[in-house]
Structure formats: structure tokens, C-alpha cells
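As given in Swiss-Prot:
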- 1-131: region 'Interaction with the N-terminus of SPBC25' (REGION)
- 1-69: region 'Interaction with the NDC80-CDCA1 subcomplex' (REGION)
- S11: phosphoserine (MOD_RES)
- 21-131: coiled coil (COILED)
- 132-197: region 'Interaction with the C-terminus of SPBC25' (REGION)
Amino acid sequence: MAAFRDMEEVSQGLLSLLGANRAEAQQRRLLGRHEQKVERLLETQDGAEKWLREILTTEKEVAQRLLDAKEQAHQGGVEVRQLEAELQRASEEDAHLKANLLQLTRELEELKEIEADLERQEKEVDEDTTVTIPSAVYVAQLYRRISKIEWDYECEPGMIKGIHHGPSVAQPIHLDSTQLSKKFISDYLWNLVDTEW
């Protein structure tokens, strides 16, 4: 812009110098046109500078909007990742709760089976105490009166122990069922029973 002003000053100087000359009128016309072109050029330059400032301002605004949009997109991405992580945690917790529920359901079924088994056993015990045990006690007492043998029910497995209360003396019984036959044991015990009533 300074260069154009210098050119204008030079043009003015030339006009004054050429004024004495015959071609002065022609030169003035040429210089006038030159001045008009320089003025148009300066106006165009001013307009271009104004447009350039407007373009720069617009570019800054667009750049700021773009940065804002990127920031919002980034924040949105962070929120999406957070939501995905929360969803993953919730899914894992849901799976854990379902597994616990399944385990508790199995345990409940097992407890129901145990309860049913206990009820069945209770009925059997009731039946034993009302029917089987009294009759077994009666039979055991009857055998004791007949055989006069007092059994040792706390002896080791495979051993037969007790005391036979014979007519004159009490005699201990000590038999090993793993080494003696059932027939021998039966015959031995029946031989202890007194045939006289």
C-alpha cells in the first residue's frame, strides 16, 4: 500500500514537471488515467483486506466450532465408554445374581427333598414306635423268658456275647460268628435252653 502512495507522489511530481512541455495535455490525460487506476487498485486492495479480515474471522469461528464439536464428540465418546463399562458391570452382576439364584434354587430343592425324606423317616419312626418296636420288645422279652439269655448288645461286630442264666449257675456266652457256622451257633444256644418248663 505504501508503494502505491509513492507511485502517486511520483506521478504528481511528473505532472508538474511535464506541465511546461507541449505534450503536457496528453501526459496529464495519461497521468489522470494512471491515477484512476491507482485509486481503483487502492480501493480494491482495501476491499480485499476487508474481505480477508472477514474470512479470517469466519475461519476462526468455524475452527472454534469444530474444536467445540470435537470436544463434545470426545465427551460423548467418554460417556459412551462409561455407559458401556456400567452396562458390562451390570451384566456381570446380573450373571452373578442369576448363578446365585440357581444355586439357591438347587439348595431349596435339596432341602425340600431332605424335608420329604425326614417326613418319611418320621412316619417310619412313628410306625416303629407304635407298631414295630412294641412288638419287637414283646418278642425280645418272650425270647429272654424262654431262653434266659441276657444279650450284650454293645459287643464288637461279629461277636455274640451275653449271659445265660441257667437253673443252677449263670454262664457267659462268647462266640465268634466269623469262625463258627450259623448252625453251630444256633444249636449251641438252643442246647442252653432248659426243656423243663
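Positions of Cβ are set from backbone N, Cα and C atoms, glycine also.
Secondary structure counts, DSSP: the region 'Interaction with the N-terminus of SPBC25' (1-131) has 125 helix, 0 strand, 6 coil.
Around the Cβ of the residue listed as 'phosphoserine', a 10 Å sphere holds 15 further Cβ atoms from the protein chains shown. Confidence across the region 'Interaction with the C-terminus of SPBC25' (132-197), taken as the mean pLDDT and rounded to a whole number, stands at 83. Shown for the region 'Interaction with the C-terminus of SPBC25' (132-197): DSSP residue counts in helix, strand and coil, namely 27 helix, 17 strand, 22 coil.
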